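> Heads up, here are the entries from TrEMBL:
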ACT_SITE  83  active site, nucleophile
ACT_SITE  171  active site
ACT_SITE  173  active site
DOMAIN    198-391  domain 'GMPS ATP-PPase'
BINDING   225, 226, 227, 228, 229, 230, 231  ATP binding site
Ligand SMILES: Nc1ncnc2c1ncn2[C@@H]1O[C@H](COP(=O)(O)OP(=O)(O)OP(=O)(O)O)[C@@H](O)[C@H]1O
Ligand SMILES: O=c1[nH]c(=O)c2[nH+]cn([C@@H]3O[C@H](COP(=O)(O)O)[C@@H](O)[C@H]3O)c2[nH]1
Ligand SMILES: NC(=O)CC[C@H](N)C(=O)O
Ligand SMILES: [Mg+2]
């Protein structure tokens, strides 16, 4: 894929590395993450427009701490250091970093120096920034102006605009640094001289061009779920190769009420796309019989999806094998599956970590580096209707990972009924847009005693998990109005006989993930 010269974000193990890349894209500049282990020559071979060094947990003076190769600063590429990256930069260029004993975590006042330089000129002389450090730069490298200080960091920002180098101790990428985005934008525009041309239209044109080149005159299939990501991915591919694309919607028996009908009607009506619907419920439910382990469920679903796609591909093009499979994979699917830089496997998303080893398709995943809200913006720019673009996420493994315990048809029916009620009440209360999603979970192996109609019941609990989030990487539990929760609870316990208790999940992410499995 040919993209503009990237701004490379070098990941030193920061919590926020991908967030930095995303903020750069928000400044309309193309950006990608690379590991700190990548040799400088390789970074330079990418002809980056600029390089940003991320934060990280190490201390630069510790033995074995990741260092920055000083050759990076001689290459004439603009460099911006953040937190650990700032400290590593200071050290590589002849400044000093010390453990001063003055740690700063969270909102911290920043005082701008008399010579505020390019990055801070005209911004409030005192402003709040988000800090998270124990080490500090005690002396800036020769040739650099110190442009700000904080109580715990006498060198909190420095720059050398002639050499196009700058850095900050604080985190401009987080929302808690109010002027952070402006500071990042100034680095890109005024120090690095990068043009802000990476707009949604640009992304679309670039992806369409790349997909057309990759696919040529071959046939393509796309797993279409009715969700946002695959809808946007399919729309991009349709724009690129038109009716060489066939979408395949798999009814795996793990869907919510009304979902299959909705895909068949809404999506085809909105886009005119060629759609093949496969009823594969028996196949998935047989494969899942007796399985309770979440990772095993996810891997089974991942494998069965591919087997169904293979069969569908054979039917789409009898003699001319389908080589390409389009998936609406997003960046969070990749990181959580352990595909980031040194990141742990939290859960195998069926479309990444859950794929079988003998996968024969070449994957086309045009959204793989993006977050959901970026994808929504692209979907809107492609002209997809709001009902599709604003839809709540629903995981590919569907209700199988919302039944804690074995997945059976009866349990699926119970969960489907409860989920339908929760969704109806949320929509009736006008809360869909405020809420990220509301997984409804059945604790199938847990029972508790109830009393209904003067009789004893021994039923199952349903968990409501309403969350608010910007990008699914972090989330908070949503403070739904009590009367809405009460209506959902009353209706579920009245209308679903197997359920006699409704509980609310009040855990943020971290420590909980959004889905229970
Ligand atoms: N029922 C399905 N039939 C066909 N493909 C599916 C199905 N469910 C998921 N997929 C494939 O797996 C990918 C990942 O699923 P995921 O749920 O993350 O995305 P989505 O459904 O497109 O969007 P959303 O996150 O909004 O639900 C989809 O983009 C799609 O390619
Ligand atoms: O396509 C998907 N395949 C999966 O296997 C999967 N698991 C979780 N999710 C969705 O991803 C977001 C983050 O979820 P978690 O906090 O549970 O990891 C939430 O929006 C989840 O609904 C999935 N989507
Ligand atoms: N967030 C960071 O990058 C921290 C850098 C370094 N570990 C410190 O404590 O100062
Ligand atoms: Mg989905």
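For all residues, glycine too, the Cβ spot is worked out from N, Cα and C.
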> Under a criterion of Cβ-Cβ distance under 8 Å and sequence separation of at least 6, what residues of the same chain contact residue 226 (ATP binding site)?
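Spatial neighbours, sequence-distant, of residue 226 (ATP binding site): 249, 259, 262, 263, 266, 267, 391, 394.
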> Would you list, in sequence order, the residues of this chain other than 225, 226, 227, 228, 229, 230, 231 that have their CB within 8 A of the centroid of the site's CB atoms, where the site is the one recorded for ATP?
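Nearby residues not in the site list: 224, 232, 233, 328, 388, 391.
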> Over the domain 'GMPS ATP-PPase' (198-391), what is the model's mean pLDDT?
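Average per-residue pLDDT within the domain 'GMPS ATP-PPase' (198-391): 91.
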> Would you mind sorting out which recorded positions among 83, 171, 173, 226, 229, 231 put a C-beta under 6 angstroms from ligand 3?
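If the test is a Cβ under 6 Å from any atom of ligand 3, the answer is 83.
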> For the C-alpha pair, I'd like the distance in angstrom between residue 227 (ATP binding site) and the residue listed as 'active site, nucleophile', rounded off.
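The separation of the Cα atoms works out to 37 Å.
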> Taking Cα-Cα distance, which of the recorded positions 83, 228, 229, 230, 231 are within 10 Å of residue 171 (active site)?
83
> Measuring CB to CB from residue 225 (ATP binding site), give everything in the same chain under 8 Å that is also at least six residues away in sequence.
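Listed in sequence order, they are 249, 263, 328, 394, 396.
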> Taking only the Cα atoms, work out how far residue 230 (ATP binding site) lies from residue 83 (active site, nucleophile), in Å, as a whole number.
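Rounded to the nearest whole number, the Cα-Cα distance is 36 Å.
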> Quick one: which of the recorded positions (173, 226, 228) have their CB closer than 6 Å to ligand 4?
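Not one meets the Cβ criterion.
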> Can you give me the Cα-Cα distance between residue 231 (ATP binding site) and residue 173 (active site) in Å, rounded to a whole number?
29
> Give me the long-range Cβ neighbours of residue 228 (ATP binding site): same chain, 6+ apart, Cβ under 8 Å, in sequence order.
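In sequence order, the residues whose Cβ lies under 8 Å from that of residue 228 (ATP binding site) (at least 6 apart) are 328, 372, 375, 376, 379, 388, 389, 390, 391, 393.
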> If you count other C-beta atoms within 10 angstroms, which of the recorded positions 83, 231 is the most crowded?
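Of 83, 231, the one with the most crowded Cβ is 231.
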> Between the Cα atoms of residue 83 (active site, nucleophile) and residue 173 (active site), find the distance and write it as a whole number of Å.
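If we compare the Cα positions of residue 83 (active site, nucleophile) and residue 173 (active site), the gap is 11 Å.
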> Could you tell me which of the recorded positions 83, 173, 228, 229, 230 have their C-beta within a distance under 6 angstroms of some atom of ligand 1?
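With ligand 1 as the reference and 6 Å as the Cβ limit, the list reads 228, 229, 230.
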> Out of 173, 229, which has the highest number of nearby Cβ atoms, where nearby means within 10 Å of its Cβ, if these are the recorded positions?
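The residue with the most neighbouring Cβ atoms within 10 Å is 173.
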> Cα of residue 229 (ATP binding site) to Cα of residue 173 (active site): how many Å, rounded?
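So the Cα of residue 173 (active site) lies 25 Å away from that of residue 229 (ATP binding site).
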